[in-house]
Amino acid sequence: MTALSEQARAKVNLTLRVVGRRVDGYHDLESVVAFADCADRLTLHPGAELSLVMSGPGAQDCGDTSDNLVLKATRLLAERVPNLRTGGFVLDKHLPVAAGIGGGSADAAAALRLLARANELSADDPRVVEAARLTGADVPVCLPSKPCVMTGVGENLSPLQLPRLPAVMVNPRVPVATKDVFAALGLRAGQLNVGVVDLLKSTGWPTDGSSAADWIAAVKRGTNDLEAPALKVESVVGDVLRALAALPGVRLSRMSGSGATCFALFANDDDAQAGAQLLKAAQPGWWVHAGALS
């Protein structure tokens, strides 16, 4: 069988509400999720031996490959699919790590899609979906990599029709551990982060066919509840947010996930590209991407 390849697109949390912490210690979330046009690329060379080789500009940041989520997802699927055909993976790493954009989760989801193709399985086969869920909280949403409202601990996905949103994404190349941000949030097991009245309110999102302006206005009404605790963990997040907010033509700036990646939305591609150029000149050490979310 010839080699198979998949993109592993960056995940962006346009909004992220922490509803509360469950008695089992996990956090219940509600998030509007989009996907960017920047990505890692994962290639599978089908064969008898499972392996993973790293390449690309971000390879040195990934550390030991033995506990990489690509291999974890593969092993979990192999436990559920007899005689699963695997092989050698090559990960061309471009997205920053520990960055709040689901890079490792997107890679794992890409691995599951590749394995599904190599074994003539549907990507929504229950065994594939279960392997995604057990690999990590962000892997289920990255499996289809389509805009949605994500709830629970990441397992409940409600599709959205999201227009193309011109955007700039910035990471200061400072890793932020998700567990540290949730620790800074400081919720006890069983504690709600929102009031009961707010919990009962259903957030209304624009209907299918709504414009980018409608969506930006709706997203503005939301928040990222992890922004404040992330600032306690790593103050450079504030520098990134201020730099994005100061760009000409910016409509919204916010942190994605648990950080440190932040994004800004614009009315058009020209403003986004111009903003990215300004940031690259002012902060040559930062990772900056201009493109679109969808």
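Heads up, the Cβ atoms here are built off N, Cα and C, so glycines get one too.
What Swiss-Prot says about this protein:
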{"type": "ACT_SITE", "residues": "Lys11", "note": "active site"}
{"type": "BINDING", "residues": "Pro96, Val97, Ala98, Ala99, Gly100, Ile101, Gly102, Gly103, Gly104, Ser105, Ala106", "note": "ATP binding site"}
{"type": "ACT_SITE", "residues": "Asp138", "note": "active site"}
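Features recorded in Swiss-Prot, as mapped to the structure shown.
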residue	record	DSSP (3 states)
Lys11	active site	strand
Pro96	ATP binding site	coil
Gly102	ATP binding site	coil
Asp138	active site	coil
Open item on the list: Here's one to test understanding: among the binding-site residues Gly100, Gly102, Ala106, whose C-alpha is closest in space to the C-alpha of Lys11 (active site)?
Closed with: Gly102
Open item on the list: Centre the Cβ atoms of Pro96, Val97, Ala98, Ala99, Gly100, Ile101, Gly102, Gly103, Gly104, Ser105, Ala106, go out 8 Å, and tell me which other residues of that chain have a Cβ in range of the ATP site.
Closed with: Ala10, Lys11, Leu95, Gly257, Thr261
Task: Around the Cβ of Asp138 (active site), the count of other Cβ atoms that are within 10 Å - done: 28
TODO: Looking only at C-alpha atoms, tell me how far Asp138 (active site) is from Ala98 (ATP binding site), rounded to the nearest Å.
DONE: 13
Task: Least surrounded among the binding-site residues, given as Ala98, Ala106, when other CB atoms within 10 Å are counted - done: Ala98
